[in-house]
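Worksheet: one structure, shown below.
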Amino acid sequence: MLQAIGWPWPGPPADSAWQAMCAMYSQCRPARVIEQHRSGYVVAEAPEVPIKVESLPAWQRRSFPPHERAVVGDWVLLDGRRIVALLPRRTVIKRLAAGEHYRQQLIAANLDTAFIVCGLDGDFNPRRIERYCVLIASGGVEPVVVLTKVDLCVDVAAAVAVLREHSSQALAVVAVDARKAEPVVALYPWLLPGRTVALLGSSGAGKSTLTNTLLGEQRMKVGEVRQRDSRGRHTTTHRALLPLPSGACLIDTPGMRELKFTGEEDLVEEFADIELLATQCRFRDCAHQAEPGCAVRAAIGCGTLDPQRLHHYFKLRGEIVGAADRSMLRRY
């Protein structure tokens with residue numbers, strides 16, 4: 001029954017690190033974290049069979065690093081109703097938590113795909129989607145853009161074209177009416193049995209509506225959206241893993257207002273075109289400003305690279321370097 005909640009193998013784990021952990025705790029059994037609350041965790045060993053469990057004592061200490069605690073999507077080992085170990089993560093999406101101090105916040109773990117849900121209304125922001133893609137791809141997860149509220153957009157094809165201009169990778173973009181089952185069929189290639197998908201996006205983007213459609217029932221509360229800024233209230237208040245009729249698992253998440261980098265990200269996937277051009281520069285330490293033999297500047301000069309794309313590349317790279325510096329200072 002573990003396969004029905006995303007266990008990645010047909011039998012015992014094939015990963016050597018997982019094998020070692022399971023052998024070390026041979027009397028324990030694996031389970032998946034399906035809900036995370038301030039008071040503790042809810043796990044499952046089979047679909048629709050939630051178990052409220054005690055976490056490791058170390059996790060309850062305020063000084064314990066938050067990113068080392070379990071998060072929705074994690075696999076743990078249980079002894080009765082007590083978590084005794086956290087299995088190594090295959091993938092993870094994380095961001096820098098809001099506030100002055102450096103603190104990582106995990107969004108979800110052990111994902112195959114993340115749907116970036118964006119409404120084709122005032123919520124549509126290609127630069128923010130680009131930022132999502134960097135966070136997601138850096139965690140080893142495949143990003144897929146899901147455009148909702150197609151009834152509010154005069155030219156959906158033009159919106160899709162704009163997104164493709166802002167991405168150098170083969171980014172999948174799917175436009176759907178999240179309220180109807182038929183268009184959502186287009187998402188099924190990412191919802192195969194055993195796969196895990198997370199929904200990310202702003203409040204009011206249509207994540208809960210899409211979740212209800214994929215579930216085939218009205219389980220998630222849907223909120224109204226303010227017309228002046230196309231933002232909604234947080235109808236999803238905590239992360240939860242839900243088995244879908246297709247055999248996949250869906251992680252619904254609260255709306256995300258801030259997307260700060262942790263300093264561990266890279267831009268290789270989202271800005272592959274610029275990274276490739278940089279390898280062709282005359283100088284290895286080229287800053288792509290006014291150096292002779294700069295392939296990046298040459299691409300701008302001949303019109304094959306958008307100057308705004310390079311500007312955003314510099315902006316994101318600066319944020320990542322700044323976050324990495326804050327992380328280093330925190331260690332000393």
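Note: Cβ is positioned from N, Cα and C throughout, glycine not excepted.
The annotation domain 'CP-type G' is assigned in Swiss-Prot to 103-259 on the grounds of sequence analysis.
The GTP binding site annotation in Swiss-Prot covers Thr148, Lys149, Val150, Asp151, Gly201, Ser202, Ser203, Gly204, Ala205, Gly206, Lys207, Ser208, Thr209, and the record cites sequence analysis as its basis. Around Val150 (GTP binding site), the same-chain residues at least 6 positions away in sequence with a Cβ under 8 Å from its Cβ are Leu120, Val156, Ala175, Val176, Asp177, Pro183.
Other Cβ atoms within 10 Å of the Cβ of Cys294 (Zn(2+) binding site) number 21 in total over all chains. Positions annotated as Zn(2+) binding site by Swiss-Prot, on the basis of sequence analysis: Cys281, Cys286, His288, Cys294.
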Message: Other than Cys281, Cys286, His288, Cys294 themselves, what residues in this chain have Cβ atoms within 8 Å of the centroid of the Zn(2+) site's Cβ atoms?
response: Leu277, Ala278, Arg282, Phe283, Ala287, Gln289, Glu291, Gly293, Ala295, Val296, Arg297
Message: Comparing the binding-site residues Thr148, Ser203, Thr209, which residue's C-beta has the most other C-beta atoms within 10 angstroms in this structure?
response: Thr148
Query: At the Cα level, what's the spacing in Å between Thr148 (GTP binding site) and His288 (Zn(2+) binding site), rounded?
result: 37
- line: Ranked by how many other Cβ atoms lie within 10 Å of their Cβ, the binding-site residues Lys207, His288 are led by Lys207
Cys281 (Zn(2+) binding site) versus binding-site residues Gly201, Ser203, Ala205, Lys207, Thr209 - nearest by Cα: Gly201
Field: Densest Cβ neighbourhood among Ala205, Cys281, Cys286 (binding-site residues), 10 Å radius
entry: Ala205
Message: Nearest of the binding-site residues to Ala205 (GTP binding site) by CA-CA distance, picking from Cys286, His288, Cys294?
response: His288
